[in-house]
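S.K.: The compositional bias 'Basic residues' annotation in TrEMBL covers 256-267. Residues or ranges marked as compositional bias 'Pro residues' by TrEMBL: 316-334. What TrEMBL records for 250-269, 309-335 is region 'Disordered'. The repeat 'WD' feature in TrEMBL is assigned to 201-242. The transmembrane segment feature in TrEMBL is assigned to 447-469.
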Amino acid sequence: MPIPRHPSRLETVTFPVFACCWYGKPSLPPTNAGGISILAYCGGGGSAKTGVFNTLAVVVKEQVSPVDPNARSDDDVVAERKIKIDTGVQIGVGVAMHRHHSNTGDVRMLVCVGDKVNLYAVPLEGSPLLENLPEEDEDAGPSLLLGGVTVGEKYGCNAVAFSPLGDAMAVGCENGQVIIYRILHDEAGRATFRKIVEAQGEGHDGAVSSVAFHPRVLAVLSGSKDGTARLWDGRSGSELGQMKCIAEDPDPKKAAAAKKKPQRGRVQRGPPKILVRGCAFGDLEGKVVYTVQSGKRTPAYVSRWVLAPPKAGEPRPQPPLGPDGRPIGPPPPNGNFVEGARAECSEKPVSSLSLSGDASTLVLGNVEGSVFLFDLENMKVSKAFLEVHDLPVTCVAARPEMGPLPGDVAEGVAFDALSASADNRMGFLTKQRRSRKKKARRPGGKAGAGMSTTTLMILMWFFMVLYLVGKMSWRLCRPELLAIGQLEEPAMAFEAAARCVWELTIWAPPTRAGVSVPPH
């Protein structure tokens, strides 16, 4: 397994990881405080009675005081907490995160465990929940299970997503179902879940791999292993649109050449089964969708889907009506998406996808353990981290904010992506070629840390040589050195002493016996 080039790195974790997400909020002027960076990842060693170390782990970094613009490190102003939550006998295979905008000051997390979805609250600095909750061990920290909902027997929750406001969630299941719930809270803050709708009609024929909410209205995008991505109305459950994904080069000549290319191992007969591994909205209006798809053993492709106006004669979606017959909300979105571009992103099938906060980059992990940064403007891979994991990449998380996040100053690195796998390793990956970490500050507050080891060694050798030269000069040239202060012509005495030190101690003249001609 190649080690990623510094400053990218790999870190070992205590359990296999199957899902991760990353939330970030940069420090903003004028105080330069309030920045947050939260990484959540879940997994474990097994399900049912054999399950061990089934855990949701959370790493919280908060900018708790203003940042000095001239600071060389942010260690003194960033508070870091690590939280571990036991998920019981079930492995967490999906996780979503949302900053809860209320006076509780916490972050909400949804975790898929078997046929159930649990909702947790993780308090931030200053939250009253920190005072009311008992402290656990040093590694765990406080957390609170607000509630959970069982989706259905043998449904198998695979993917989960928060709505933009955090008041609803969508769940994608192993049996192909997509279900939307409203998240409600009682006076004590406990959560209850009310099913809004379950996808109607035929639905997906394969397991749902990812779900995402429309950024503007109550609608859900889902990607499935049946080769399609679909848009669902969050009120009626009806299908608004379907994207049939293709996993071949858009150039007919290249596609034909790829089909003629000899295949290793077992040859698949008939057309390959297309698997949609991930999907995401690519703008704030819901007019662009990205999908990544491949066959079971064929290259993976990224497709850009663009919303097209309704065709002539097609009825336009109507807004929902109240009891009085008046509209009570915006109409459901148009689901007529057409493929605008397609490009190969990996020679092997992709197993996970995440979109960056500025919608400029897709982070993709494949079944060979490689991670790719895919530039969406140019539709090509901008950076490849080959085989950073020993096993298929189970999840990736793209940088949520392009601004500086807590920890960036201390690290000297703005990481572009996080990756994880069942090999008990997490990758922290960046396009930077070197760390921008500044030197530590001196006690006086001025820039410049202590000397490096190399500098100290050079100085030590210099003074050692100087001591030896001085000692030998005093032994061989003592009369000349003492004469400098005794004669009336100190310049002549100094010249004689310098000549003696140079010729007897430092550099022997060629006329000296044994230098030019060996003595006999």
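Including glycine, each Cβ sits where the backbone N, Cα and C put it.
Can you tell me where each of these features sits in this structure?
M.R.: The list of residues near the compositional bias 'Pro residues' (316-334) in space but at least 6 beyond its ends in sequence, with Cβ under 8 angstroms from a Cβ of it, reads 214, 216-219, 231, 233-236, 240-241, 286, 307, 309-310.
Residues 156, 158-164, 168, 170-178, 180, 273-281, 283-286, 289, 291, 293, 305, 317, 320, 329-330, 332-337, 353 of the same chain sit 6 or more residues outside the repeat 'WD' (201-242) yet have a Cβ under 8 Å from a Cβ within it.
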S.K.: Please count the residues of the repeat 'WD' (201-242) that DSSP assigns to helix (H, G, I), strand (E, B) and coil.
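M.R.: Summed over the repeat 'WD' (201-242), the classes give 0 helix, 22 strand, 20 coil.
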